Amino acid sequence: MNILKDLEERLILKDISNKDKFANLSPSTTGVYVGFDPTAESLHLGNYILISVLLRFKEYGFKTYAVLGGATGMIGDPSFKDSERVLLDNESVNKNKSKIKAQLESFGLEVIDNYDFYKDMNVLEFLRNVGKLVNVSYMMAKESVQKRIQKGLSFTEFTYQLLQGFDFLKTYQELGVKVQLGGSDQWGNIVTGIDMISKVVGDKHEAVGVTVNLLSDENGKKIGKSTGGGALWIDKNMCSPFKMYQYLLSQKDSRIKELLYWFSFKSVSEINEVLEKHFANPSTQEAQRFLASEVVENIFGANELKQAKNITKILFDKSFDASVLTLNDLEIIENYLPTCPIRQGDSVIETLIKNKFIVSNREAREFIQAKALKIDNKEIEFDSIYSPSLFEGKYAFFKKGKKQVILFKTV
């Protein structure tokens, strides 16, 4: 099997610019890259989709590179964004670069900073050497540009595709990168790079663009920094492994096949066996547990997965006796759960509203009527006073509904 066949079977391949050219490429002499702009302190689960696909290319013998957007991150990609990005200052970009570089290297990827492509190039050289390669009418015709042009598109963002295109040309010439991989929203920028290569190298070039489907929520909206991915960072200090585990565990059966195909490094046949067992008895959530376990371990490591599983058992296994937990256990759990400070004798509902865990008195009454607010598995009333009886009175578990768990910490 080849990599394209694998991606097709996994239902993640979106587009490829030229299948014939790709078929003639030799993995051992072909580089593949994905670009990651340092527009935040961490990558998120949506980015991890591309990391995982890049690692699949690596498994098939390709040379793989992650191009860190030290230059492009200072400009901002306008592709399918509703409004102008807020430009980051140099200090923020450099801070983000350092953290994201470490994340990418933790997956065994070679990281290249595209700032090095431009740092010694002045504006006149850029206009002569890069701008000359692309026609303005061609740039204007891009769907990503057309969607923004009526709402306002700065020249800065308009030129982003020139930078990404030149990245492809530069890596093609210097590193033997013949394949640029990206999410489906990057198609226009990738094709710009191929056109640049064609003008410089000629029609017999070997450059190919490959795009894959974007990770979206159940409503079909892309999961990114500003659309939900911000809650799913792959930095455990920004998103706990427990939270990531719970997110994946909560995925609906209607999406689980797609997510397993995309995220899991098991073969399609092995995944199908898991799905068959799961749908024979969906209440076991076998497929969701398989997905959550593999992704959390791949991103955060085996120890963090073990901790996430243990906390899940503590919080959601009705047969588990929480009273056996020690204060040391609670101090660890505090790193994984939303924590609400509260004093002995304080009103529970007032404290929850103040800390925005409950929206209003009305919402509180609705949950109380449904018997869906509990402290240490005991139902509370609207006028309940905080008086914990477990863990030496220093902690208590608060549950809102079936899934939201908060740790009360006595202050």
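Quick reminder: no glycine exception, Cβ is built from N, Cα and C everywhere.
Swiss-Prot assigns the feature motif ''KMSKS' region' to one of the listed ranges (77-81, 92-96, 222-226), namely 222-226.
For the ranges 38-47, 128-137, 198-207, the feature annotated in Swiss-Prot as motif ''HIGH' region' maps to 38-47. Every protein chain considered, the tally of other Cβ atoms within 10 Å of the Cβ of Gln164 (L-tyrosine binding site) stands at 28. As a whole-number mean, the pLDDT of the motif ''HIGH' region' (38-47) in this prediction is 94. With helix defined as DSSP H, G or I and strand as E or B, the domain 'S4 RNA-binding' (347-411) counts 19 helix, 20 strand, 26 coil. Shown are the binding-site residues Tyr33, Tyr160; the one with the most C-beta atoms within 10 angstroms of its own C-beta is Tyr33.
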